[in-house]
Amino acid sequence: MNRESAKQLVLTDRFGRTVDYVRIAVTSACNLRCTYCLKEDAPTQTQQLDVVETSKLIALLAGMGVRKIRFTGGEPLLHPSIPELVRIAKATPGIDTVCITTNGVLLDRQLDALVEAGLDGVNLSLDTLDREKFTSITRRDRFEQVSKALDRLLATPSLTVKLNTLMLRGINNDEIPAFVELTREHDLTVRFMELQPFDDHQIWRTGRFMGAERIRERLADAYPELEAITGHSTEHYSFSLPGHRGSIAIIPAFSRNFCSSCSKLRITADARLISCLYHHESIDLAPALKGEMNEVELKKRIIEAVQQKPKDGLKSSHDTAASSMSQIGG
């Protein structure tokens, strides 16, 4: 199938939303132990997607109308073949954009190979610009590696760069100005994010939750010259500042209202297809990827998952079990 014919196909759910974006967690392994995501003693046994099977899946999804692939984890750079996966995805007819979301620990050493493979964008998860806070949040002393990776990203004009900064009340909310300052000289988007309502709703027990409205108020108080702009569908608030090259966004996770424009599917490292971040019912793709069913049946499973997408993830999440972000893939 050539690129033009692939573009004629569209995946649509029962509410009329087009699904053209798939996040693939290539591994469940992670080299950090962020306090809001993984326990220090989290199991070391991990799942990892096979390159051949993943390539087959990407080609099939592209033929069904998927245009964007994002590799996640766990930590995707722990997958030994991540540059190859990027190259394969980028070369797949119908796929226009290939990105990764990473904690950045291994990014400096792999960045050249990823760019050469055709990577379009990087979302770097970075919650603090302070080394001591970084070690406290992640339980690992890897700040220097991540800081170097950020410098490299900002010096790579071919990449779309976004910082995902999870706001933790009483821990890093005082760093909002420091993160905003990065947008002055650099064409990146700093995205302040609410904690995700997973892990048995631990966010409420810790008292660290900082809502999107409170983040917006802090920004408005500090920067009265903020100008509202149109951002990505998940960026409920998006702003620019006069004299700044980059932009600022706020992403709700609990107080969200962007379900109506959701275009995503998620594939976990054990080959489960999840239609909604908050609705954890899944469809097992492993038998199909291992050749135990034909392509027609695999397509049926994907369409079934698309049709399972709930209209409102918030309502759906009340009735499903909690999972960690490392399991779901972000």
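Glycine is no exception: its Cβ is also placed from the backbone N, Cα and C atoms.
Marked as domain 'Radical SAM core' by Swiss-Prot on the basis of sequence analysis: 14-225. According to Swiss-Prot, the GTP binding site annotation covers Arg23, Arg70, Thr101, Lys162, Lys264, Leu265, Arg266. According to Swiss-Prot, the [4Fe-4S] cluster 1 binding site annotation covers Cys30, Cys34, Cys37, on the basis of sequence analysis. The feature S-adenosyl-L-methionine binding site is assigned by Swiss-Prot to Tyr36, Gly74, Ser125. For Cys259, Cys262, Cys276, the entry in Swiss-Prot reads [4Fe-4S] cluster 2 binding site. The compositional bias 'Basic and acidic residues' annotation in Swiss-Prot covers 309-318. According to Swiss-Prot, the feature region 'Disordered' maps to 309-330. As annotated by Swiss-Prot, compositional bias 'Polar residues' applies to 319-330.
Positions of Swiss-Prot features highlighted on the structure.
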| residue | record | Cβ neighbours (10 Å) |
| --- | --- | --- |
| Arg23 | GTP binding site | 21 |
| Cys30 | [4Fe-4S] cluster 1 binding site | 23 |
| Tyr36 | S-adenosyl-L-methionine binding site | 19 |
| Gly74 | S-adenosyl-L-methionine binding site | 27 |
| Thr101 | GTP binding site | 21 |
| Lys162 | GTP binding site | 23 |
| Cys259 | [4Fe-4S] cluster 2 binding site | 20 |
| Leu265 | GTP binding site | 24 |
| Arg266 | GTP binding site | 22 |
| Cys276 | [4Fe-4S] cluster 2 binding site | 22 |
* Could you check the binding-site residues Cys34, Cys37 and say which one's CB has the most other CB atoms within 10 Å? => Cys37
* Asked: If you count Cβ atoms within 10 Å of each one, which of the binding-site residues Arg70, Lys264 comes out on top?
  -> Arg70
* In three-state terms from DSSP, label Thr101 (GTP binding site) for me. => strand
* Asked: Cα within 10 Å of Thr101 (GTP binding site): which of the binding-site residues Cys30, Cys37, Ser125, Cys262 qualify?
  -> Ser125
* Structure fact -> For Ser125 (S-adenosyl-L-methionine binding site), the number of neighbouring Cβ atoms whose distance to its own Cβ is within 10 Å equals 23
